[in-house]
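**Student:** This structure is in structure tokens; I'll ask about it shortly.
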Amino acid sequence: MSEVIVITSGKGGVGKTTTSANLGTGLAMLHKKVVLIDTDIGLRNLDVVMGLENRIVYNLVDVIEGSCRLSQALIKDKRYPNLQLLPSAQTRDKSSVSPEQMKKLIESLKEEFDYILLDCPAGIEQGFKNAIAGADRAVVVTTPEVSAIRDADRIIGLLEANDIHHIDLIVNRIRMDMVKRGDMMSIEDVIDILAVHLIGAVPDDEHIVISTNQGEPLTGSDCLSGQAYMNIARRITGEEVPMLDLNVKNGFFSRLAGVFKKK
Amino acid sequence: MGFFDFFAKNKSGNVAKDRLKLLLVSDRANCSPEIMEAIKNDIIKVISKYMDVDTEALDIQITQTQSEDGKEVVPALFANIPIKDIKNGNPNK
């Protein structure tokens, strides 16, 4: 039985694409057959975060318009052959695809894959409607900021209005040092406000920037964010994993110590 | 409330949380500023039949409050209406 999960946030720049890449990689590491679909037509980015930008021949719109077969557009990941990417089109716009066409496409992918992850564009317009059309469940990504949480709340409302009731929350880019000072909302504050199930929190970690630079998702690596993403991937499969303690390695001196420990 | 709690209340994290809570109540109630303005004008119309109110200082907003049984938080329309003078007699006369 395959599951279709849309990764969404409302606000842009909170880490949807990074989360999609890392959760896809994490699920693939757990030996699941995974396909990542970049639904952000016109602003494709999942391919670069995955480091697969040089392998694109056909894209989502080509498949939907019937210009190529589905298997021709799917790109195998560099490291995990059970992970594939369906890239978005860069020179088209959101109106090139309809929600019905997305549903049909997803149906045809269900036979082959355990998990279908949809990287949703920012906003609540056509692109969002396309992305959620075939989804069974949603992962909402937010950061502990007023604007991101407000948009997440709106998105949660829209998901429920579209009959997607299995909603999990990721609090991204949390800085425990700022939370301790009282200058950032805590994970508990965010859950309290949004009243949805938390599936994990990811710390603000410079390793993410490095991994994006290199085009290699860091899920499973020994840094804190890598562990956090792996834990979330496990929770998505239904495994019970205790919440990661994000407080470690956060002080200046322990961070310094971490620098010396690495290589 | 302890000494430190007093300062903790003013921390920006708490400020953000409080602002968001208020903001989301009106977002969720799906009340546009136009509707709020219309409600405000109607309230002024009704109340000014009975008393002289300060229409400039009148403030209405949607907030959260405990429900009657105290079990859940429900949205509430909060109106702060400063009275200038209470008119005497029956307004319908």
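Quick reminder: no glycine exception, Cβ is built from N, Cα and C everywhere.
Remember, TrEMBL labels are computer predictions, not curated facts.
Dumping what TrEMBL says about this protein:
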DOMAIN    A:3-156  domain 'AAA'
BINDING   A:LYS11, A:GLY12, A:GLY13, A:VAL14, A:GLY15, A:LYS16, A:THR17, A:THR18  ATP binding site
**Student:** When the number of other CB atoms within 10 A of each residue's CB is tallied over all shown chains, which of the binding-site residues A:LYS11, A:LYS16 has the maximum?
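**Tutor:** Per the Cβ count, the most surrounded site is A:LYS16.
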**Student:** Can you check what DSSP calls A:LYS11 (ATP binding site), collapsed to helix, strand or coil?
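**Tutor:** Note: A:LYS11 (ATP binding site) is coil by DSSP, not helix or strand.
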**Student:** Out of A:GLY12, A:GLY13, A:GLY15, which of these binding-site residues shows the lowest number of other CB atoms within 10 Å of its CB?
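**Tutor:** Checked A:GLY12, A:GLY13, A:GLY15; of these binding-site residues, fewest Cβ neighbours within 10 Å: A:GLY13.
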**Student:** Other residues near the ATP site, CB within 8 A of the CB centroid of A:LYS11, A:GLY12, A:GLY13, A:VAL14, A:GLY15, A:LYS16, A:THR17, A:THR18?
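**Tutor:** Near the ATP site, the remaining chain residues are A:SER9, A:THR19, A:ALA122, A:VAL141, A:ASN172.
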**Student:** Restricting to the domain 'AAA' (A:3-156), report the mean pLDDT as a whole number.
**Tutor:** 97
**Student:** Specify the count of other C-beta atoms within 10 Å of the C-beta of A:THR18 (ATP binding site).
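**Tutor:** There are 26 of them.
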**Student:** Restricting to the chain of A:VAL14 (ATP binding site) and a gap of 6 or more, list residues whose Cβ falls under 8 Å of its Cβ, or answer none.
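**Tutor:** In sequence order, A:VAL141, A:THR142, A:THR143, A:ALA148, A:ASN172, A:ARG173 meet the Cβ cut-off.
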**Student:** Write out the long-range same-chain contacts of A:THR17 (ATP binding site), meaning residues 6 or more apart in sequence whose Cβ is under 8 Å from its Cβ.
**Tutor:** A:ASP38, A:ASP40, A:ASN45, A:LEU46, A:VAL49, A:ASP119
